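S.K.: OK, TrEMBL features for this one:
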{"type": "ACT_SITE", "residues": "Tyr137", "note": "active site, proton donor/acceptor"}
{"type": "ACT_SITE", "residues": "Lys165", "note": "active site, schiff-base intermediate with substrate"}
{"type": "BINDING", "residues": "Thr49, Val208", "note": "pyruvate binding site"}
Amino acid sequence: MKQPNKHRGTIVPMVTPLTEDFTLDVEAAEQMVDRLASHGLGAFVLGTTGEAASVQFDDRRRLVEIAAKTADGRVPVYAGIGDNCVLDSIETAKQFLSFGIDAVVAPLPAYYALTAQEMLDFFALLSKSINGDIVPYNIPQATHMSIPIEVVKRFADWENIVGFKDSENAAGRLDEVAKLGGRSDFSIFMGVARLSLLAMQASYDGLVPSSGNIAPQLWAVFGETCAGKDWEQAELLQNKLNDIALIFQRDRTLGQSIATLKACTTALGLGQPYVAPPLQTRPESELSPLKTELALHIELPSAL
């Protein structure tokens, strides 16, 4: 029987700070995790926003260890284990969980198009092989596949599948996923930030917004406002957060938006703007305009 172990709250998909030679910027990683924790927000490292597919494995391992140590139990830490080699995903999960993180996050292996049964069998193998909490992750933008609701219904009852992160913005999808909520042993997370208000009104358990990298204080207030069911104020905050997200997402591909988000965090004094190949780092000339645009929406650190 599954035990109640509710995963909830706002979990920020953290960018992976890199140096000019594309290795992990340890100091910036510690700073970023601590900043999120100071606002009561969890950290999800090595997700799509964290360039998991492009970061060297030694740096992935090091980042997870740093995140767990820096958070030190103040907030939850999740780590992505995405890989086209399923056996490597399993071994990665075992290593990451040994650092004391709260759960591993598993997108589909994306090289081959999978049937619904193959998806279910994939998650079954993870569940059987990993001794720890697992959160399946639906991100069609990256995997080019959608995890069917019927598959989610099946794995929701498995012992160590403790939640589901959905980043698919398809008609009716939010409401279908919401029907899986309301349980003490299975959490649902919204990964499409602009749908956060609708998700919280539909009793989702948590949010995973990439703009939390640059506006953690606003996301903390948004979470508190939704918890208090002040929906009018929450709508105002949602609109403001949408405007902030447009700064790095407007008219850009997914990869370009990640690179621009890193330029934004750099403009805020957090790490450097480098992204790992094949993504391309934004030119230094963009930093000042980004800082100016950010200042219209959030309070910049006084040292900048």
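Numbering starts at 1 and runs along the chain as displayed.
Any Cβ shown, glycine's included, is placed from N, Cα and C.
Computed from a predicted structure; not experimentally measured.
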S.K.: Ten-angstrom check, please: count other Cβ atoms within 10 Å of the Cβ of Lys165 (active site, schiff-base intermediate with substrate), all chains counted.
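M.R.: If we count other Cβ atoms within 10 Å of Lys165 (active site, schiff-base intermediate with substrate), we arrive at 27.
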S.K.: In sequence order, which residues at least six apart in the same chain have a CB under 8 Å from the CB of Thr49 (pyruvate binding site)?
M.R.: Pro13, Met14, Val15, Ser210, Asn213, Ile258, Leu261
S.K.: When DSSP states are folded down to helix, strand and coil, where does the residue listed as 'active site, schiff-base intermediate with substrate' land?
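M.R.: SS state of the residue listed as 'active site, schiff-base intermediate with substrate' = strand.
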S.K.: Restricting to the chain of Val208 (pyruvate binding site) and a gap of 6 or more, list residues whose Cβ falls under 8 Å of its Cβ, or answer none.
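M.R.: Listed in sequence order, they are Thr10, Ile11, Val12, Pro13, Phe44, Gly47, Lys165, Ser167, Phe189, Met190, Gly191, Ala193.
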